[in-house]
């Protein structure tokens, strides 16, 4: 038996989740103490009544402090309103889809047994009776809706916190780079912990509610829970694609006209697309990323639970061991909490060069502590020997083998993070080489950047391959699922350093628009450059975990659809394989083209305003920001539907017309090709962006020979950055959702496909 009794499990999981929520609220409270309303009693604050305003840097010569604060508040309001209104519009459309898809799930799964309410023999143990398919249909639909709602709330809360913190980061930058860093980082932590704790709590409550009906039928219970992962990821898909198109249409439009044609700096208030650009950072990088990682997390948990329910944990009804995936996540929240304190409280950042190491240390500290945490969980919550369902047979597994499965995922995540950092940070030679190639114009920059992206795939793929091999040979598909959970166990820290990026990006934009002194802009730029790298690391994590998650879901699907082996040499499977490998390209083509056409409209609008509004270039007239925001919103809502439909409909069409063997081929193919494109796209884009930042900052002798802003090499770098934008923020990050979503959808609909699928081959047959 396990050391931790069932009652212990029922207490530990919700307590850890609540601790996470409380911690994030405390961080939010600390951030909220930075005021964005101008102080009326400015004479009192000069004496440093709260110990805050005494170290304002007094280089703000002649700029009235009050005006700056008021202006920051005004810009922050505009960004927050833009982001909120976009998300509401998006969620209206997505809500319609959600209802339609929920009905679809109910009809498909209910029809498996012809909507009968009688108990059926279980799928895996024919002699026992399980709840009817109709129950699975009802509960899968409910968990789908729950997952979708949780995903939407995660993204929305993240966006709210980010728009709350951006101006506060700008204002703190007046006191020094360390202060600004802490505000941005704390706000990231708010999002990270809320999301990790919410995902865990909702999943745990759902399992306990479903248990009231299902009783001892754990196989049916956890099959119904898979809908949670499907809901989480389908919302993430629309959030990622819609947000990605929004942010990049604005960014590309603002850059092309502003920087290249008009030669005005980034985020200049004269640029009409500037508010849309800053709104985009929040809806794409924050709301999209939040939903995305929540989806990964929900699916990894679901995949592990499904496999465990038909293994010895489920058969002996060992609740503690069954909840092993949730206990790992609970431990992850506690570990990340300690890790966060290292950045905010134990060490203080004083100089620009300490920012990136501080963020990297977050990853290392959390990984090392988590290794210990996993050991504790494994030894207290899992019996020393147990069996795992492995394609029809039970495989004996020892608890130390399970521990190694989780660790290998955890450490593979760290390796992927560091490789990504090496290829996208301007402190290392790859990005510096790309910057150097700008001497000879944009073409060589593009060639070098693409080569860098392709090269950056090598080590992450080996890391994923090793972790798959180790975890699979130890504990079959359950091993792969918990390896994915290991990679995602430090999700709170991962999200904190990831959300930190867009927050500091926004802070820089606000500093520029509020007309603060260049020295403050330098500080926010330093924060932002570090943020670019951490965003790339976050994407690396998302892609790596997506690969493991979808493999685990694929295994669960193959078991559920009762396919004994997937044979590549049968024509049914091979055609699926080759078509599946094509899907990521089709999907990328759609998203890239959407960004391109939306950016085209944006460029025309920005040019029109510069040409027709008198006094705009001189800064005498205000641009019409609202039109640009509307262009971005309309384009992204319209353009997110085709790529979304491609991903959501493919498994349904393939499963219904071609059957489960072909579908298993499609899943394998899309997994194999999607991971490569996703990693190379996001690293290429990140490298181009940082090569441009490297030239602009002019921090080294080499960088100064390429600069300053406006030089020919700099213009070439801006072009590279603009090409990289849709790669790193639209196509790349959305691909990992494509991989996971098709797998989890196939798993949810597996009972239907297994009984009614493969119409064409039945006719052909």
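Cβ coordinates are placed from backbone N, Cα and C, and glycine is handled just like the others.
The following features are taken from TrEMBL:
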- 12-31: transmembrane segment (TRANSMEM)
- 93-112: transmembrane segment (TRANSMEM)
- 132-159: transmembrane segment (TRANSMEM)
- 180-207: transmembrane segment (TRANSMEM)
- 322-343: transmembrane segment (TRANSMEM)
- 363-382: transmembrane segment (TRANSMEM)
- 402-423: transmembrane segment (TRANSMEM)
- 457-485: transmembrane segment (TRANSMEM)
- 541-563: transmembrane segment (TRANSMEM)
- 569-587: transmembrane segment (TRANSMEM)
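Counting Cβ pairs closer than 8 Å and at least 6 residues apart in sequence, the transmembrane segment (457-485) and the transmembrane segment (93-112) reach fewer than three and form no contact. Between the transmembrane segment (322-343) and the transmembrane segment (12-31) there are 3 or more Cβ pairs closer than 8 Å, counting only residues 6 or more apart in sequence, so the two stretches are in contact. Only residues 6 or more beyond the boundaries of the transmembrane segment (132-159), in the same chain, are considered here, and those with a CB under 8 A from a CB of the stretch are 83-84, 87, 91, 94, 98, 101-103, 105-110, 112-113, 115-120, 191, 194-195, 198-199, 202, 206, 210, 213-214, 220-221, 223-236, 239, 282-283, 286-291, 294-295, 298, 499, 748, 751.
Beyond the transmembrane segment (12-31), the same-chain residues lying 6 or more positions past its ends with a Cβ under 8 Å from any Cβ of the stretch are 4, 161, 164-165, 168, 183, 186-187, 189-194, 196-198, 200-201, 204-205, 323, 326-327, 330-331, 333-334, 337, 340, 344, 492. Panel annotation: around the transmembrane segment (402-423), residues 324, 328, 360, 363-364, 367, 370-371, 374-375, 378-379, 382, 430-431, 452-453, 455-456, 459-460, 463-464, 466-467, 470-471, 474-475, 478-480, 482-490, 533, 536-537, 539-541, 543-545, 548, 683, 686-687 of the same chain, lying at least six beyond its termini, place a Cβ under 8 Å from a Cβ of the stretch. Away from its own ends, the transmembrane segment (93-112) comes close to residues 133-134, 136-138, 140-141, 144-145, 148, 152, 227, 230-231, 234-235, 238-239, 637, 641, 644, 648, 748-749, 751-752, 755-756 of its chain (Cβ-Cβ under 8 Å, at least six residues beyond either end).
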